[in-house]
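Taken verbatim from TrEMBL:
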DOMAIN    B:99-204  domain 'Acyl-CoA dehydrogenase/oxidase N-terminal'
DOMAIN    B:208-307  domain 'Acyl-CoA oxidase/dehydrogenase middle'
DOMAIN    B:320-467  domain 'Acyl-CoA dehydrogenase/oxidase C-terminal'
DOMAIN    B:537-655  domain 'ACAD9/ACADV-like C-terminal'
Amino acid sequence: MSGFRILVGCKRVIDYAVKVRVKPDKTGVVTEGVKHSMNPFDEIAVEEAVRMKEKKLASEIIAVSCGPQQCQETLRTALAMGVDRAIHVITEPKEYESMQPIHVSKILSKIATEEKADLVIVGKQAIDDDCNQTGQMTASLLDWPQATFASKIEKSNGDLSVMREIDGGLETIKVKVPAVLTSDLRLNEPRYATLPNIMKAKKKPLVTKKPSDYGVDITPRQEIVSVEDPPVRQAGQKVESVEELVTKLKEAGLV
Amino acid sequence: MLRASVLRLFSQPIRQTVYLRECLDTSAFPNTLKLYSTQTAVKEQPGTTVSEKEAEETRIGKRRPLENAPFIRELFLGRFAKEMLVYPEMTKEELEHLNQMVQPIEKFFNEGLDSKSIDVNAKIPDEVLQSLKDLGLFGQQIPEEYGGLGLNATEFARLAEITALDGSIAVTLAAHQSIGLKGILIAGTAQQKAKYLPKLATGEHVAAFCLTEPSSGSDAASIQTRATLSEDGKTFLLNGGKIWISNGGIADIFTVFAKTKVTVDGVEKDKVTAFIVEREFGGITSGKPEDKLGIRGSNTCEVHFDNTPVPLENVIGEVGGGFKVAMNILNSGRFSMGSSGAGILKKLIGMTCEHAVSRKQFGSPLAEFGLIQEKFAQMTITTYAMESMAYLTAGVIDLYEKPDVSLEAAIVKVFSSEGCWSCVNECLQILGGLGYMKDYPYERYLRDGRILMIFEGTNEILRLFVALEGMKYAGKELKDAVKIARNPWKNPGVAWKMYKKAVSRQFSSKKRNSENAVSVHQPYNSKLKLHQSLHNTLQYEALLLEGCTEAFQKVVEHLLITHGKEIISAQMDLAKVSNIVIDLYGMTACLSRSNRSYCLGLQNADHEIMLTKAFCKDATKRINTNLKEIYSGPVENNSENYEHIAQAVFKHGGYAASHPLERMW
Ligand SMILES: Cc1cc2nc3c(=O)[nH]c(=O)nc-3n(C[C@H](O)[C@H](O)[C@H](O)COP(=O)(O)OP(=O)(O)OC[C@H]3O[C@@H](n4cnc5c(N)ncnc54)[C@H](O)[C@@H]3O)c2cc1C
Ligand SMILES: Cc1cc2nc3c(=O)[nH]c(=O)nc-3n(C[C@H](O)[C@H](O)[C@H](O)COP(=O)(O)OP(=O)(O)OC[C@H]3O[C@@H](n4cnc5c(N)ncnc54)[C@H](O)[C@@H]3O)c2cc1C
């Protein structure tokens, strides 16, 4: 076998350093004029795929992003990091607001089949909606084994041995390929897209598709009722002694 | 009314295009707007091949040769190239691509760097240098065919905003590519480029620029380093010592300036020649790194050449043509100091702002005090003007085949180096005692920024350069008028008229004020009609700029007549001339940029308009003061006193006044 064909998911999210603001009408958060970048967990997924290619474990890497026009910037970043080609599944900004992991999973699984991918690697979750569903759903739709929260991926014979981060420790499992993997924080440290590679990425293929091209209906099945800021934390108090602490706790009816 | 519609529409690009079209159809807006609208209009209707072609031509039009005379020089004649009021812009694709490049660099400079330790240890760690090379930052303007990024001036300026955030790195990069390898890039032969550029682009080789010597700083033509041609005529032997060479200790390739014997019309003369010198050639030693006030991580040291053999084919340009090469290199790099300075200031204003809104004294946040507000306003105006000038200059460089922006670039350098110094100083002041502490970056930025007024041409030299070059340009055209005025007996009729005018200017103080100060026309009697190139909301400022331009031309004529050739030594007047023209360029750039922003409805365009209005008002005040001082002459404006005071100090070998406690008896 000449190496895996890897499909990676690249979600465009509000940059982690941005202070997120709720829209006045509470329908969502302000995205206009706000810095966006690739979901950090997806960056890790891309990095892992590129490393596999550098180790000659992979033959081709394809990045997919679903969402509005600007997702192409995210895909260009992936291309600059070493992805070979990209597919942009374009949606209207309005549609995108109500898009759910199930929609993305359907699209990813269709593309995985069409592109004859051996591996799908996605971030374990996106930092905007924190869903943690896409990888699992994609595995289910494809009926492939899954290895989620991967913190180390190694090839063993034709299969993969994956170390997973679980409550209280690490677990190593074996999965047969084809499989779906989701990346955890400690899997690797993604590289910077260098400027010469950004120049080269300009010439790499990027195709645009619609959800309907994959027969996926993205009509919303949920309605966002209200988006609110987390409650502001009240200032704390300092106490002089244990006695005072106990008194205060009693006063508050906590002990 | 129109304005209100812009406000409503400005977040929606498609409607905005419609808005612009409407304006064009009704001719409510000046024709310059067409430039902003064509591209957007085309985007919308892919079918319209005709306008697509037009847009493409406008776009490619950026490779046409410079048709107009250079902007600043022309100002000395009172002529105003109105295309400067159309602020340059990139296509959407170019901008997206540029933003893509900005991301990893921003990330690296915000996360991967410890500027404090670079400053303390006076060294950029090797891993950091390697990362900068891997990112591609060593080959920014080298063409792609030689392995570089092939950035144009605008793109280069944009990246400089980020790399400036660490002064040591910024200077290391600048010494490498803005001056170190620039000679090969702009004056090298195809063979020289093919041989040297690929390794310089990746940073495998680092470059340095060797001009300064112990006895030759500002007076670059006086260098002593010598290159002697061997008897077989194939090799030069290089001998001499250079000082304060950035990257001098780490460079592999040096651009070295040395005196060579050249025969001109049968007479042997010493002339400067530029050479590409490899450390490998031998006979090169570098001194130990200098211990400096700022940019401490940038390597600065002496470089000595002891019989270093340099092959003839390593001459850059012509033998004897080195001085011009040096000046072209320096002229071509200066413009980016504007965006670098703006990059630093934008970051510091943000940090200082956070402090001002959270720090309370006397029961209120600092942000509520008028004196603090004044500081923020001044810093913002200065930064806006700096940024506007830098990108206007870069845009002109990219727009024309052979742009002459040497005066513009010098102006940007002087304005931004001084703006940086004063604004960083104000930021530090707003922080109070905290700003003075090394736990905060303000004092480091203050120290790092100080070099900007010294190297790449000191600000004094550049002020003289701008004023004298402009005067020379004007003088050529005004030669006859000036001659007559200075020698009235040859043409008494004309001379008498001019004399009368001059006398009335000199002696009637009432008239002097009205005639020599900036006067603002009404739109109908404006000659330059600058307001027609700008949105109505900027009409008054357009008239101010016109008034200043006219008054400037008059003062130039006045100085040429009063000083004639002696103008060269009238330094205090020349500096005032430079200060006026710096303000004129600042006004032009702010007007041009905010006009574009306002017409397109960019976010916070109202704020830009306000910054522009404030800058124009301040600039006009300064210009008026300068005009008044020049006209009032050396006695009234104190320059004669300054001369005498300085001479007394020199005569006494220092401070000459008696101690205040001294007694006679
Ligand atoms: C950190 C650092 C890095 C440097 N890197 C490089 C480098 O990489 N390559 C290189 O070649 N050089 C480099 N230099 C040298 C730098 O370019 C010179 O310091 C600069 O040109 C000024 O020369 P000078 O220091 O000899 O000052 P001088 O020329 O002695 O000037 C001293 C003062 O007199 C003023 N002055 C001089 N002449 C006149 C005049 N005619 N009229 C009025 N005022 C005048 C100047 O403005 C200045 O204020 C560097 C210097 C420093 C400090
Ligand atoms: C090296 C050093 C040595 C020192 N030594 C001593 C010492 O020996 N003993 C000691 O007691 N202190 C000492 N200090 C503290 C020094 O006196 C304070 O730093 C100074 O009083 C300013 O206070 P601050 O730093 O808190 O700034 P702030 O009071 O926070 O002021 C910040 C800025 O806001 C401005 N500002 C404040 N209030 C107003 C207002 N109402 N209207 C307009 N502008 C306002 C200030 O002018 C300043 O620009 C020292 C400080 C330093 C840096």
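Cβ from N, Cα, C; glycine included.
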Which residue counts does DSSP yield for the domain 'ACAD9/ACADV-like C-terminal' (B:537-655) in the helix, strand and coil classes, in that order?
109 helix, 0 strand, 10 coil
Kindly report the helix/strand/coil residue split of the domain 'Acyl-CoA dehydrogenase/oxidase N-terminal' (B:99-204) according to DSSP, in that order.
80 helix, 0 strand, 26 coil
Using DSSP, how many residues of the domain 'Acyl-CoA oxidase/dehydrogenase middle' (B:208-307) fall into helix, strand and coil, respectively?
6 helix, 56 strand, 38 coil
Secondary structure composition of the domain 'Acyl-CoA dehydrogenase/oxidase C-terminal' (B:320-467) [DSSP: H/G/I, E/B, coil]:
120 helix, 5 strand, 23 coil
Let me know the model's mean pLDDT on the domain 'ACAD9/ACADV-like C-terminal' (B:537-655).
96
